[in-house]
Amino acid sequence: MVCLIRLNRLSVQLSVPSECLFPAQSESQQPKIQLRLAGDKHKHYEGRLEVSYNNEWGTICDDDFSIEAAHVACRELGFLGAVAWSPSAKFGQGEGRIWLDNVHCTGREKSLAECPSNGFGVSDCRHSEDVGVICNQKRIPGHRFINTMNNNVETLEERVEEIRIRPISSHLKRIPVTEGYVEIKERGKWRQICDEEWTPLNNRVVCGMYGFPGDKNYNNKVYKSLSMRKKKNYWGFSVNCTGNEAHLSSCRLGKPLEPKRNSTCGRGLPVVVSCVPGRAFAPSSSTGFRKAYRPEQPLVRLRGGSNIGEGRVEVLKNGVWGTVCDDNWNLRAATVVCRELGFGSAKEALTGAKLGQGMGPVHMNEVECSGFEKSLTDCYFNNDALGCSHEEDAAVRCNIPAMGFQKRIRLSGGRNPYEGRVEVLTEKNGSLVWGTVCSENWGIVEAMVVCRQLGLGFASHAFQETWYWAGDASADNVVMSGVRCSGTEMSLPQCLHHGKHISCPKGGGRFAAGVSCSDTAPDLVLNAQLVEQTTYLEDRPMYALQCALEENCLSSTAKKNDHSSYRRLLRFSSQIHNVGQSDFRPKLGYHAWTWHECHRHYHSIEVFTHYDLLSLNGTKVAEGHKASFCLEDTQCDEGIQKRYVCANFGEQGITVGCWDTYRHDIDCQWIDITNIKPGDYIFQVVINPYYDVAESDYTNNVMKCKCRYDGYRIWMYHCHTGELQKKKLY
């Protein structure tokens, strides 16, 4: 076989048979690549298609590119597919290598690396032919966004690889390290920086990359005295930062410093920085001050993140929390958010709801920040958020201080690093020892804190028995008991616990606390509008309510009624959406489900929701509960397949991007208001009330409506998803 190739780009266009292209490789042989969208883009789902190969970013030529290839690329980026593709550098010309040319995809490949092409780096194209894609706005539910390479197109080439703040002896025991010499590693040796051309903007960058929002003055006399006594070893350059860089390596290098005798700094001294930690990270010596500190009502918050200092950005406007559209979202705006919340500069500015979709209004669009604003709300933004959906919610990952939390806790005996018996390091008789945590009242909220402390994301399960995980035998003794967490703590010792007076009747060993962690979690949200639209009253005879009576779905007074009496029921439909990043599954396995003879089905969760009618002052006047007789995918968003179907022995759950609808006409989908007097009330629904299943955000699990009852009719209005104060229930 003879393969013809294109000889002259301008005059001869010869087709290349598929046999002449590099064939698709097996999965084990495939080169590792990463894709990103860059260039003159306006939305997060469109842009110039760039590929990283051998840790070098490059572009893709538009020759032979097709909508099938665009589908493969968009799915690899986490979208449902492609809408279109564009040739001739529509999104601007890229830089570097043109990695791929003559790409032929069928559309069924999992990665562009599987598609036949000329081979990596084999191309006769110019950047005027860089291909672009426009992806479907909807993301693949639960798509795991992994940033194994630097995916931020704003980051410049690194000139400085490793930097540290080295404290002096008097600060060695302080955590976190907030003050010391700034040193750079060069050819295996740590060198100091001359302060002759050092500016406060440089301080800002160094503190930001170490997780601190700002810097302050320090006692220069101490450092001057120390430097006079020690031999200096300076790095040969000055640094010039604007103050907005995410890392010192992104700052411009100044002129080389001329050697003068044994020093390159003339009359200067080594650079020293003193950083101000956020309130949550203040050194232990200021604990008393931190307890007395009363924070103001925040205007910005993070939600849905698995680790400290990350999450979806939400802002408060007119008393309502809303999200930020990702149009023009960049590191500068993300850093304003991070510093405002007491963290350092931003590591990543995430788009496309990568850390989950929010709810309510989109308050800000096309945000533009100088980088020095005190709050995101001080930045310029477009009030008109038309066209922005929650699929475009902006998020951040911030630099946080090294607190050493991970060194004082470990998981032991698990099948993988994400699970095991919880063992903590504590001081006993003057020495540090490892021990277990008492599992009494141990639940998913406490497990969440453990996983966060370890940097392992969310908790998927909390275990009160760990006999199947043989931990370190020397760590069997219980060293922490009575643990109760609110869920916001950064480490387990910050939760309420018994302290040195251990009380654990069951003991440790096989009854020690355990966890299983996951980097994703589900997130349930109730459709408030549907509740408002489907509410009505029904008078139902007792003879038709016997099953409901057995399942405690009626008021306690119903037990005294005869079969001919009636109960007045406030009925409504509820539609529970999973907007998280993993499926919602029952806590218990098949073996622990309860069979209910009346309705001929299994209950996989004892109480799935609370339905309450409250007086205007918050007192409960009537209640109902909904047993999870069947968790299933009633309907799903476009392009998402149902995975869970209602069946007695089938899988139960709610897939990401799907919802489970409980119609108004099924048993227990009500509140019994037979004995309620006419008046104004608050109707409240709480999903997953006992935190039986882990979620990325519990604050959106409650829905409230204003309610008026005149004795004959009922009106439900102003239904909204509100705030749920995380309160541990025992």
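In case you wondered, yes, glycine gets a Cβ from its N, Cα and C as well.
Here is what TrEMBL records for this protein:
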type	residues	note
DISULFID	CYS61-CYS125	disulfide bond
DISULFID	CYS74-CYS135	disulfide bond
DISULFID	CYS105-CYS115	disulfide bond
DISULFID	CYS241-CYS251	disulfide bond
DISULFID	CYS369-CYS379	disulfide bond
DISULFID	CYS485-CYS495	disulfide bond
DOMAIN	35-136	domain 'SRCR'
DOMAIN	165-276	domain 'SRCR'
DOMAIN	300-399	domain 'SRCR'
DOMAIN	409-518	domain 'SRCR'
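Looking only at other Cβ atoms within 10 Å, the busiest spot among the disulfide-bonded residues CYS74, CYS125 turns out to be CYS74.
Stretch with the largest number of CB pairs closer than 8 A to the domain 'SRCR' (35-136), among 165-276, 300-399, 409-518: 300-399. Looking at CYS241 (disulfide bond) and CYS379 (disulfide bond), their Cα atoms lie 21 Å from each other.
Note on the domain 'SRCR' (300-399): its mean pLDDT in the predicted model is 90. Ranked by Cα separation from CYS379 (disulfide bond), the disulfide-bonded residues CYS74, CYS135, CYS485 are led by CYS135. It is CYS135 that, of the disulfide-bonded residues CYS115, CYS135, CYS251, CYS369, CYS495, has its Cβ surrounded by the most other Cβ atoms within 10 Å.
Cα separation, CYS115 (disulfide bond) to CYS495 (disulfide bond), rounded: 52 Å. For the pair CYS485 (disulfide bond) and CYS135 (disulfide bond), the Cα-Cα distance reads 42 Å.
Calculated from their C-alpha atoms, the gap between CYS74 (disulfide bond) and CYS105 (disulfide bond) amounts to 13 Å. Ranked by how many other Cβ atoms sit within 10 Å of their Cβ, the disulfide-bonded residues CYS61, CYS105, CYS241, CYS379, CYS485 place CYS379 at the bottom. When the alpha carbons of CYS125 (disulfide bond) and CYS251 (disulfide bond) are compared, the span between them is 33 angstrom. Residue pair CYS135 (disulfide bond) / CYS251 (disulfide bond) shows a Cα separation of 34 Å.
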